[in-house]
Amino acid sequence: MHLHRRAASVEAQCTSLDATSDTISRQRWKPKTVVKVDPELVALLHKELVGEERIAAHEFFLTLAACNTVIPIKTGKRLSTDLSFGEFYEEPVVIDYQGESPDEQALVCAASAYGYTLMERTSGHIVIDIHGEEQRLDVLGLHEFDSVRKRMSVVVRFPDDSVKVLVKGADSSIFNILAEVTDQREDQSTGIRCATQNHLNEYSLQGLRTLVLASRDLSEMELEEWFQSYQEASTSLTERSAKLRQTASLIECNLNLLGATGIEDRLQDGVPEAIESLRQAGIKVWVLTGDKQETAISIGLSCKLLTHHMQQIIINGSSEEECKNLLADAKANYGIKPQGCRSKNSKWKKNIDSDQTEVENPNDYVTPGSTFPKTGLHLRYSFDTEDLPEQYGAKVASTMNQQLALIIDGNSLVYILEKDLQPELFDLAVSCRVVLCCRVAPLQKAGVVDLIKSRTNDMTLAIGDGANDVSMIQMADVGVGICGQEGRQAVMASDFAMGQFRFLKRLLLVHGHWNYQRVGYLVLYNFYRNAVFVMMLFWYILCTAFSTTSALTDWSSVFYSVIYTSVPTIVVGILDKDLSHRTLLRYPKLYGAGHRQESYNMRLFWLTMIDTLWQSLVLFYVPLFAYRNSTIDIWSMGSLWTIAVVVLVNVHLAMDIQRWILITHIALWGSIVITYICLVVLDSIPDFPNYWTIYHLALFPTYWLNILLITVLALLPRFLLKVLQQMFWPSDIQIARENEILKRRHLGVKSDEGSG
């Protein structure tokens, strides 16, 4: 910690846990977390409480210990033996601090390391041990931190009956409510503020999260006026928060600056790598933080979201007109066109994060022999900006080469999120590779998410770990909460919960890809599975002149979806994987298959319906022609159609299964066996009209040849199209899968498809 002379500006780096005290083991208590201290500051705090610098340091650490909601938890004492002297002594009480925010815990631990230890907290008082002497302070009221005030305060009465208000909060909030500089101490007060501001800038550039501390004495008249309003606001049943905020303004004014703190907020392991993988996957990453601008930029650089080569567009206006001018100047300087101009031809979609252009239908513009970007896989067909029409190619190429980062603060968002400036912000933001919003309130985070949702068809995902992220998480299409020291509010409001940010990479690139591939295929397959059965019955109705008769029994119609074909669909929908997790993590750009809607789109839907029409015609008319001169009855034909359609849809599914395991074989082929068992049982009931039909049909080879011919003839066009497509127009997924198979077969690499 560093104490600036007369300014008491302090850096509370409470993450250095390598220092210990030689005498701490013999104290009556000791903190659970040991903090490295500054010897010069410790020496100052042990001096007599005389002089401005000493008093400022005392009030600074008193504010750290008192202005919070941290609860001290003590462990009991026990007797121990000193082996060197053979004496018994009591081990000191260990104090652990529990609070809503790890920042508050760190600050209280820092105060304890300098001799201001929070020993006890109740709703009416707190006990602070100051260099071995316990002081009981009566808590007259507490104004908790909120996103509007951006500060918290506590009113305490000291043993000598003096009353103080202790405040801590963001620098932008505290500096606005400091006491006016008097003529007598103008130079001194200005110097203190400038020195503190310099320390804040220094901490921010280091990526530290900063707070400013201040206090002032309250007179009896001020105390009485505030206390009456506080009581009324605390017991109010309507607009309680607004009334408490208004009450806090009565005492949060004319404050004396005490100092500033900087807390290191270390990145979790794997954050830079996860962000880079997400960007390679074509996912645009926006950062919405409550930290000040310099801190946010420093964190952006440390997590590799920002680079020193990027051109930073900073929007920090203080009025609507200024924000409008800043946005207009930025768009003019970088040649950014309005969204309406860029959306006239929706065929082109720029992927700024991967520095390449994506075409919704890449087969329209292909270049043989190009390489999969940054993956090492060789694509037989890909696309390039040179293949775009001339009028689009120059525009796209010029925009892609610009490495733009938009940095905007919360004050600007107050004006920009109004309806008039939203289009300007949107045009600028979607043209930048990185968007970083700093000093934003919780509702502003939700407003930024809503801006994207309301103006694009893109899916939004919000991830956070604190209560300030709840509104953003709830606003997004997918909310992810991180379990951490910030509490569980974000987790309770989210769709998914995880322990660390780096797990988001696996959630999206692996499980997101697998689930999209499964759901996309199963939607098409279920349309096909049900349509082919219904259309087969439709052809029967046409041939029977729309009579009310049916060739299938009621049981067969019910069992088709419930028993005969349901289990393979469920198993494949849960377990099928087109690529291993290692491949998906190694080549993040494979996630782009979902962006391009490769698994489900209108073209695939209508191709599936055409294929369904062909299969239903084969399914119905092949047996009809095979038995045209026979005396087979309608129930026998219905039994043949039932088993044929079950075999057909299961073999159809087998052609598309990517990962064969034992349970897949059991489900697929077992469903055909179960179908035969059900038919045998149903045909053995004398009361049914189809009595004994399966036994007569199975005796003749025509029955078995019909099933084989139906299956081969119905699936032959589909098989040929799949072969041609994979040979001449393979997708990135197919090339990556081929690469996996070659490694397993020729290099002896063990399959890891089962890992997820």
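Cβ atoms are placed via backbone N, Cα and C, with glycine included.
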The annotated transmembrane segment range in TrEMBL, which must be one of 102-120, 558-576: 558-576
Record-annotated ATP site (TrEMBL): member among R209, R502, R506 besides E104, F145, K168, T289, G290, D291, R439, K445, N468, D469: R209
The transmembrane segment (558-576) touching the transmembrane segment (604-622) per 3+ Cβ pairs under 8 Å rule: no
Which same-chain residues, if any, lie at least 6 apart from T289 (ATP binding site) yet have Cβ under 8 Å of it: A296, I299, L436, C437, C438, R439, V440
Result, the transmembrane segment (702-721) in contact with the transmembrane segment (558-576) (3+ CB pairs under 8 Å): no
Three-state secondary structure, which DSSP defines for D469 (ATP binding site): helix
Site extent for ATP, whole Å (max Cα pair distance, E104, F145, K168, R209, T289, G290, D291, R439, K445, N468, D469): 23
Same chain, 6+ residues apart, C-beta under 8 Å of the C-beta of D291 (ATP binding site), given in sequence order: S204, R209, I299, C438, R439
Greatest C-beta neighbour count within 10 angstroms, which of the binding-site residues E104, D465, D469: D469
